Every structure is written in structure tokens, then in C-alpha cells.
Amino acid sequence: MATSSGYEHTVGATVEAIAPIIASDDSESQNDQTVGFTYQDKTDMKRMGKKQELRRTFRILSSIAFTTCNMGTWEILLTANTQGLIAGGSAGLFWSLVWVYIGQAFVILSLAEMASIAPTAGGQYHWVSEFAPRKYQKILSYTSGWLSTLAWQSFVAVDSFLVGEVILGMVAINDQSFVPQRWQATLLIIATVLAIAAFNFFAGKRLADAENLFFAFHLLAFLPVIVTLLAMTPEKQTAKTVFTQFTDNGAGWSSMGLTVMVGQVSCIFVVLGMSCPIHNELPIIRALTLYTGSDSAAHMSEEISDAGQVVPRSMVWSFFLNIPLTFGLLISYLFCIGDISEALSSPTGYPFIYVFQNATGSVAGATGLITVVLLLLIFIMTSTYASTSRQLFAFARDNGMPFSNWLARVHPKWQVPGNSILLTCLFTMAMSLINIGSTVAFNAVLSLGVVALMATYGISIGCVLLKRFDGEPFLPARWTLGKAGVYINVIAIVYIAWAFFWSFWPNGYEPTAQTFNWAVVLFVGVMGIACLEYFVHARRFYEGPVVKVEGRS
């Protein structure tokens, strides 16, 4: 692939020695910045005009572990299948997962190539700035940065809520007189996010080692869960029921085809890697939590050794590694679910808790399985929190946030973006207070996350595709799609548009304020505010990271 003279100069140039970046009296901290910092990493960071401020402790295995756990697809599928069961039933949920995995594969491949070209914690907003037409790069990059920030921040809040809700569900099956209260969920959200924030701050240097342990548990816990379900469930569904019986369990749409299309949203979000809580009256928000994994490794690029190769490989390998686990769990779950209507009406709000209790025949057995899932969800949240804080740090570093200088600081001792970690914690705590007044309002705000992140995927891949159509050169990737890139990008855009469209639909034909999908209202509102903010204020100081890229100024 041809390149411009500026990029040829960049690729061919000899990289000079890079001085320590963070001004600190602590020489050990300065030396830590060079750990895992390869020649190619120096080349990439120099080309992008970035300074190395974080420790590169992640290698290929820990990077795959991190991305795999961030996606957490089989664990998330357990907690977020409500919408698919309501609109489509067993067969709808299964076949939706099949075609969604096919479509999302092209998105992952497209993102992986961009992550190889520009391995930076900024991710989408940086890629948009580099690949968008020069005339539009500032507003597109700024908008993508804000959408990505809001999306990732909401994921942490939702993950915290999910952990709290599962804990309350576990209490409910052990004490049938227990009635969960919103303030209890809020306290659990605050406790969870404080613990995860503390871990990310004080144990940041050991995050890569922790991810290896999370990954091992992610794999080892899979077999006991499905073996217990398959071996102990007294009555199982027939294969015909699981694979061919499409049912409407309360959605109320006019045709089964339309019902399945609405229900596929559960699988769309599962494959994208995000989890979500909330009770059955808000199934669209439950699916929200399935969306975080696809670009998670990209936001850790500046802590991954040889990121230009390792990050795209991690994204692709973890995606395909999770496929057999997800299908294995789903098939086992559907064979053992029993009466779908009873599962959906479980007082805990989670069909999987009903299935566990039905399979084991005891509260103690179900509690044990729920505890395993709960631990895995905490591990997933830990990984999500890391990606979220790095994304915020990177966008602030490029002057995209209020108080950017403060948010972009790296703690000299712990070598983590401490202020971004703190703000992420405060955001979730603030959102949790909304839940005390209204769960509907809480979920309405957080419902924005899914479509916001999907929009950033579409914008960034669309910019690359436009470059390819125009025949413009861009820096060759060490992990490249080659001549197939244009076809892969086109399919990715088509799939994103498809998923984006259905993500705005309510789960039922006659939605109430509780079941309405508020994402469409909030997305339009946020886009309007972002554009207004840009033209009124941000365009005067936000230039986009491309101005620092060698050969592009």
C-alpha cells in the first residue's frame, strides 16, 4: 500500500532516544516507564506525538486475558438474555447469536487494523482524527471522543449496578421475605465501585498479573457451571424446542419475524461485550451490559508491549476464543431453562437464578453457582474500569475534556491515571444516587452507552473506508487486512447500521415509561449538545490528535 512522503519519512527514520517523560524525583518510577517499551512502541508513540507515561506491563497472554475477560461473553449472556427470551424465545436467542457473531467479526477485524496503525489509548476518536477528511476531522473526532467517554463511563456504572443486583437476587432466594429496595442497590453500587477503583489505583502495576488469574477463572469456571446444569436439571427441553421454536413471551409485536429482530438486541450486545442489570420490566437496559469488550484492548495500548502487533491479535483471538464458550453456555442454558414464562417471572429479576435453583434443587446449590458468576462479574468490571479510565485519560490529554490538564495527570508513584480513575468513580456514584429516586431515570441515562459506542465504531470504520474508496494512502499496519480490507469494512458498516437501527426499538409493542427505550431520545439530545458545545466553545481549543502526528501537520 502506498504511503505519503511524510509517512515514508516517519517509517524510515531512525528513532532517537526518548528521554524520561514524567518529571519526577523518583528514579525508579522513571525506569518503570521503559519496562516493555520496545523499539516499535517508541516508533509508534513518536509518530503519534505521544509521550510514554504508563508502564507497559502487558504481554500477549495478559493482553488476550484482559480482552477476553472484558468481553466476558458467557457470563454476561447468563445475566442479559431477558430481552431475547421475551422476543423470540429459545430459537430466536440462539439464531440471533449466530448471525450477530458473523456480523461482529467484521467489526472486530476492522477495529483491529486501526489499532495496529495507531496503537493509542485514545482509540476511536484518535483514529477518526487521523483518517477523517481534514475538513471534518475536528468535529468528528471531538464528537467520537465524547460519545466514547460517555459510553465507557456508563458501562462502569451499569457493571456496578449488575453486581449489586445479583447480590440482592442471591439474598432474595435465601430469604423469601426479603424485598429489595432501591437504596440498597445504590449502597451496593457505591461499595462496588469504590473497591474496584481502589484496586485499579493501588494495584495498577499488578493489573496484568491479575488479568491472567481472571482469565484462568473465566475458563475454569465454565465447565462446572454447564456440567451442573446438564447433569442436574431434572427435565430438559427437546432439540426441536431449542433450535426451531420461536415464541413471543410478552413482546406483542405483529409478526414473529419482527419479534425476533427486536429480541436479537440481547445477542448484539453479548457479542460486543457488555453486561447489564435491571429487572424484567427494563430488558433493553439489561442487554446494555454486553457491550464493552470490542475496543477494550485498544484503550490499554500504551500499557501493552509491542502494541502494534499485540493489541490487534488480542482483539481477534479473544473474540474467537469466546465463541465456543458462549455457544456452549447458551445451548446448555436453553436445554435446561424449563418453562420460559416462569423463568422470566422469577422474583429475583434474573432468569438464570431461576434456572440455577431449578437445576440444583436447592438454595445452597444455586447460591454457590451464583457466587461463581458474581466473582466473574467483578473481574469483568475490574477490566472495564481500567479501559474506561485510560480512555478518559487519553481524551483529556488531547484537550477534549473540561479540566483536561488535571484529568491527564499520571500519578508519579503508582504510574496510573489517578485523577481519571477518581472521576470515573465519582461519575458512577453520582449515577447511583439517581437510582434512589427512580430506577427508570437511572437506566434512561445509562441506556445511551450502547448506541454511543456503536456510533463511534461506525464513524471510525467509515473514515477508513472513505480513505480506501478515495485511494488515499495511510500508514501501513503491522497487522493488516490487505486487499480484503475494503470488503471487510463495508460489511462492518452494514452490520453496524443494522445493529444501530434495532438498538433503538423498545422490547414490547406497547411500551410504558418503564419499558420504553430512551436511548433514541438521549442519543439525539447528546449529539445535539455535543455539536453545539463544539461550535460555541470547543472548536477554539480542540485541534484533534492528528495535529501531533508526524507528516500530518
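In case you wondered, yes, glycine gets a Cβ from its N, Cα and C as well.
If you look up TrEMBL, you'll see 57-78 (among others) marked as transmembrane segment. Long-range contacts of the transmembrane segment (57-78) within its own chain (CB-CB distance under 8 A, at least 6 residues past either end) are made by residues 35-36, 205, 207-209, 211-212, 214-215, 218, 222, 270-271, 273-275, 289-290, 292-294, 296-297, 300, 303-305, 310-311, 313-315, 317-319, 321-322, 325-326, 328-330, 333, 352, 373, 376-377, 379-380, 383-384, 386-387.
Per TrEMBL, the feature transmembrane segment maps to 98-118 (among others).
Under the heading transmembrane segment, TrEMBL lists 139-163 (among others).
Residues or ranges marked as transmembrane segment in TrEMBL: 183-202 (among others).
TrEMBL lists 214-233 (among others) with the feature transmembrane segment.
Per TrEMBL, the feature transmembrane segment maps to 253-276 (among others).
Counting only same-chain residues 6+ beyond the ends of the transmembrane segment (319-340), those with a CB under 8 A from a CB of the stretch are 64, 67-68, 71, 73-74, 77-78, 81, 85, 89-90, 93-94, 97, 101, 104-105, 108, 219, 222, 225-226, 229-230, 233, 235-237, 242, 247, 249, 270-271, 294, 351-352, 355, 358-359. The transmembrane segment annotation in TrEMBL covers 319-340 (among others).
Annotated transmembrane segment per TrEMBL: 352-380 (among others), in sequence order.
The transmembrane segment feature in TrEMBL is assigned to 416-434 (among others). Among residues of the same chain six or more beyond the transmembrane segment (416-434), those with a C-beta under 8 A of the stretch's C-beta atoms are 54, 153-154, 156-157, 160-161, 185-186, 189-190, 193-194, 197, 200-201, 204, 385, 388-390, 392-393, 396, 406-410, 441-442, 445-446.
What TrEMBL records for 440-466 (among others) is transmembrane segment.
Counting residues 6+ beyond its ends, the transmembrane segment (486-504) has Cβ neighbours under 8 Å at 100, 103-104, 106-107, 109-110, 261-262, 264-265, 268, 450-451, 454-455, 457-458, 461-462, 464-465, 468-469, 517, 519-520, 523 in the same chain. The transmembrane segment annotation in TrEMBL covers 486-504 (among others).
The transmembrane segment annotation in TrEMBL covers 516-536 (among others).
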For the transmembrane segment (183-202), distant same-chain residues with Cβ under 8 A (at least six beyond the ends): 156-157, 160-161, 163-165, 167-168, 210, 378, 381-382, 385-386, 389, 411, 414, 416, 418, 421-422, 424-425, 428-429, 431-433, 435-436
Recorded stretches the transmembrane segment (352-380) and the transmembrane segment (98-118) touching, at least 3 CB pairs under 8 Å: no
